[in-house]
């Protein structure tokens with residue numbers, strides 16, 4: 001394969017990855033607008049963090065054609081993977097404890113059953129009850 | 001050229017996603033919705049920078065992406081923790097909560113004053129903000145109490161309020 005053809009193929013792959021990354025961010029925005037409560041919006045909001053940023057990092061790495069900067073960009077994505085569950089977990093827990101959820105849309109509330117069983121024994125559920 | 005079309009299409013899609021997130025920040029009934037929307041806006045800004053770097057072939061903004069990946073979650077964690085501890089106070093009685101919300105909801109606190117000063121002007125309703133809050137954080141407490149009506153009547157077994 002000649003270098004010109006290889007360049008064209010790599011540019012095409014990078015372009016496809018770039019457009020997919022943009023589509024992921026658009027999907028996250030539409031999910032934020034359309035979904036009814038906090039936890040479904042959180043489900044939509046994690047898409048640009050994981051998939052969209054991965055696609056754009058791959059696109060940039062292909063376009064740069066440099067292993068060093070590709071390593072730096074993948075480091076950024078790896079750090080995002082490490083830190084995104086922290087904020088999602090804390091926001092989800094806070095939303096559940098302060099009842100920022102549409103309980104009529106839930107099919108199963110496994111955590112609620114566990115919290116009920118624990119709160120019968122002693123006052124575990126201190127965020128809801130007042131001591 | 002294929003990459004030019006891909007670049008501009010990507011920027012348009014990212015702009016549309018950012019506008020949707022801004023709409024949710026504006027409309028969002030609770031502060032947690034706003035927090036996750038602001039988080040999405042931050043990631044989209046990083047994505048715009050990555051697309052620009054990929055198209056123009058430079059690495060000028062890569063440190064923004066790395067650092068926002070490292071410390072971007074701290075704001076969400078802090079506000080979420082504050083929602084948990086601050087949301088329990090107005091559940092003592094609904095009337096007290098209404099009075100507090102009416103008192104401190106739209107009072108701007110432009111600059112934070114010294115919290116421990118006994119000579120600080122309490123400016124009316126600032127003294128009603130509760131036992132564990134001082135006046136310098138009342139604007140933030142009002143922010144955490146914004147808007148959302150929790151549906152507390154669906155599962156009443158664990159709470160006695």
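Start at 1 and count along the chain as shown; that gives each residue its number.
Cβ from N, Cα, C; glycine included.
Nonlocal intrachain contacts for the transmembrane segment (B:6-26), taken as residues 6+ away from its ends with a CB within less than 8 angstroms of a stretch CB, comprise 33-34, 37-38, 40-41, 44-45, 47-48, 51, 54-55. The annotation transmembrane segment is assigned in TrEMBL to B:6-26 (among others).
Outside the transmembrane segment (B:38-55) by six or more residues, the chain places 3, 7, 10-11, 14, 17-18, 21-22, 25, 61-62, 64-65, 68-69, 72-73, 75-76 with a CB less than 8 A from a CB of the stretch. Annotation comment: TrEMBL describes B:38-55 (among others) as transmembrane segment.
If you look up TrEMBL, you'll see B:61-84 (among others) marked as transmembrane segment. Beyond its flanks by at least six residues, the transmembrane segment (B:61-84) meets 31-32, 35-36, 38-39, 42-43, 45-46, 49-50, 52-53, 140, 144 of its own chain at Cβ-Cβ distances under 8 Å.
Taken from TrEMBL, the feature region 'Disordered' applies to B:89-161.
The annotation compositional bias 'Basic and acidic residues' is assigned in TrEMBL to B:152-161.
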